[in-house]
Amino acid sequence: MMSTYKRATLDEEDLVDSLSEGEVYPNGLQVNFRNFRSSQRCWATRTQVEKRLIVLVALLAAGLVACLTALGIQYRTRTPPVCLSEACVSVTSSILNSMNPTVDPCQDFFSYACGGWIKANPVPDGHSRWGAFSNLWEHNQAIIKHLLENSTASVSEAERKAQVYYRACMNETRIEELRAKPLMELIEKLGGWNITGPWAKDNFQDTLQVVTAHYRTSPFFSVYVSADSKNSNRNVIHVDQSGLGLPSRDYYLNKTENEKVLNGYLNYMVQLGKLLGGGDENAIRAQMQQILDFETALANITIPQEKRRDEELIYHKVTAAELQTLAPAINWLPFLNTIFYPVEINESEPIVVYDKEYLEQVSTLINTTDKCLLNNYMIWNLVRKTSSFLDQRFQDADEKFMEVMYGTKKTCLPRWKFCVSDTENNLGFGLGPMFVKATFAEDSKNIASEIILEIKKAFEESLSTLKWMDEDTRKSAKEKADAIYNMIGYPNFIMDPKELDKVFNDYTAVPDLYFENAMRFFNFSWRVTAEQLRKAPNRDQWSMTPPMVNAYYSPTKNEIVFPAGILPAPFYTRSSPKALNFGGIGVVVGHELTHAFDDQGREYDKDGNLRPWWKNSSVEAFKQQTECMVEQYSNYSVNGEPVNGRHTLGENIADNGGLKAAYRAYQNWVKKNGAEETLPTLGLTNNQLFFLGFAQVWCSVRTPESSHEGLITDPHSPSRFRVIGSLSNSKEFSEHFQCPPGSPMNPRHKCEVW
């Protein structure tokens, strides 16, 4: 239908172009006029009949011309034909059900686009938030469940290990039989815990090494291997701040506002201490309060995330010897050689540290804290991470705390959902081939690649029109955009059984021993991390597994990654109008692409190296442009609590830039392919549909507790403001919805970076 409509339009234009001399009306009718003066005849010589006929003919002619003109204008400006296919009717129904058309789109587009969806979708039991991402993840979970529970002879060893892990998790009978025994034995093996029994008093360094490497906890600080930001072809050890049990330092420091959470956290700590064999509850509570006070001391020296956005300022490369001087409470060479064994670490080993002041202060804190408390704190980190692998009593304790922390209503979620999530989280690449074969069409990579190419072209077109950027920086920015590498669906190695098995060769899953399997995985994953230290970074090493409903940009690799899990509806559907696909996956692509040029990504060059490649004039101009967004988003609030416009700046830049690039790409597509059919009954143009599709991707609901947590931890703005903030900055949105200047969705002062 679309191509037929396009050909019809061209045919009509060809007809007009082929006409001969004379005035041409929009319908192609030619009317020739002879010279009036040379052919006129005196009115007085006409008979009455002639005069009456002439007047009548003149009136008829005038009426005919008026009718033809009106018909011509209507014909010329008619809307595209309506799509009445089953797919179009279905997507129209979904859109209508999500909308609240009684809301003025120029007043509150989020409520206009999502009001119906929000009314029909209260936060489900067992969840603290719900939206399009959640719905798609539930769909993916059901697929993974089926795949894990139905063995086939063709699966690889890695896939079989994922199935064994999942089935051990599902064996609740065995888990209930073991109760707390697996963790209690582990604590005893580590030298004990004063909360539940005697402990080894001179074991600080050994305990720290074991809980860091074998069990992937991060008390005091985190240690990991990643590409060196200033030499992206080389991996290097990183040391950074860490160690809080709650999601943000704000929970500890704003005690009045977060009193309910702090009390709930302490009660949770006490409950776990009791379940693990602690005796007197008052004694347990007293020691757990000391741990909480120690975490509060850590929170006091922890740097807020909004002050860590400029990596040029916080990046410091030191040697192991210099690190020893910086933070002497840890014997760094023995520590590093133990956790990275068999890799040898000497005093000249380069180490990247962020927030040198934090490491200095945490070293002082360790040296001035009682050894019993330090051990209690380290073991608490282990308990907090591993208790979910134990029996139902621990699950109940988790749920009770989650209700306080996130407002999650207590519910008996099916066990399989927990087990699918944990298996995917730990062995997602192992089960990846099953998921890809079941869900990912062969041509999906090509389709996604075409969309990325169109978005990238549109972004570069916008780049060429920026007035605040100098020409040299613009040229380098275009080179960086051209160099961005696309990773779609899955890393190639997972589809080769031999390569996949090689990756998981050193991991063994044991039937019916869930806790043991989880502990083995933590140890295995650290060994994989340690092995990367002397290897070059690898593009095939993804930070997200194939089923994940998400996407990301890697600055050191200068690549954008789109797992298979995010490519279905509502982000992309083959049968949907292009307006919806560009508003869905198109904006997602544009968002990740723009991250290469947000306040953090812009500091990396086309090769993924952190260096000052912008001219100072453009750096200053960029900062001025971004301050507008900081102020804009800081004026938004949820339940009276403001959005942190500084902390969310990078994501806000990406949201705005992604929307702009996707809209421009859609316009380019229409110019090339012709107008699409419209959807029935909506009364919307396809340009309006593009913006509506974008907004409905972000329809979501959250509990008040979850909203509070998001405001102080999430670098993304709340969904409502991801929609309102981006659209109110879009001139094209205001034009298509005819929003009056000065209305909420069309403010006179708009922010724009890219």
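Cβ coordinates are placed from backbone N, Cα and C, and glycine is handled just like the others.
Some features that Swiss-Prot has for this protein:
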TRANSMEM  53-73  transmembrane segment
TOPO_DOM  74-754  topological domain 'Extracellular'
DOMAIN    82-754  domain 'Peptidase M13'
CARBOHYD  Asn150  N-linked glycosylation site
CARBOHYD  Asn171  N-linked glycosylation site
CARBOHYD  Asn194  N-linked glycosylation site
CARBOHYD  Asn254  N-linked glycosylation site
CARBOHYD  Asn300  N-linked glycosylation site
CARBOHYD  Asn346  N-linked glycosylation site
CARBOHYD  Asn367  N-linked glycosylation site
CARBOHYD  Asn523  N-linked glycosylation site
BINDING   His591, His595, Glu651  Zn(2+) binding site
CARBOHYD  Asn616  N-linked glycosylation site
CARBOHYD  Asn635  N-linked glycosylation site
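Within 8 Å of the centroid defined by the CB atoms of His591, His595, Glu651, the record's Zn(2+) site, lie the Cβ atoms of Tyr553, Glu592, Thr594, Asp598, Gly650, Ile653, Ala654, Asp655, Gly657, Gly658, excluding the listed residues themselves. The secondary structure of Asn346 (N-linked glycosylation site), as reduced to three states from DSSP, is coil rather than helix or strand.
For Asn616 (N-linked glycosylation site), the spatially nearest entry among the glycosylation sites Asn150, Asn346, Asn523 is Asn346, judged by CA separation.
Shown are the glycosylation sites Asn171, Asn254, Asn300, Asn616, Asn635; the one with the most C-beta atoms within 10 angstroms of its own C-beta is Asn171. Among the recorded positions listed here, namely Asn171, Asn300, His591, Asn171 has its C-alpha nearest to that of Asn523 (N-linked glycosylation site). His595 (Zn(2+) binding site) is 32 Å away from Asn254 (N-linked glycosylation site) when you measure Cα to Cα. In the predicted model, the domain 'Peptidase M13' (82-754) has a mean pLDDT of 95. Taking the Cβ of Asn346 (N-linked glycosylation site) as centre and 10 Å as the limit, one finds 11 other Cβ atoms among all the protein chains shown.
His591 (Zn(2+) binding site) has Asn635 as its nearest neighbour among the glycosylation sites Asn150, Asn346, Asn635, going by CA to CA distance. Ranking the recorded positions Asn150, Asn171, Asn346, His595, Glu651 by Cα distance from Asn367 (N-linked glycosylation site) puts Asn346 first.
The recorded positions listed here (Asn150, Asn300, Asn346, His595, Asn635, Glu651) include no residue with a Cα within 10 A of the Cα of Asn194 (N-linked glycosylation site).
Residue density at Asn150 (N-linked glycosylation site): 9 other Cβ atoms are found within 10 A of its Cβ, drawing on all protein chains shown.
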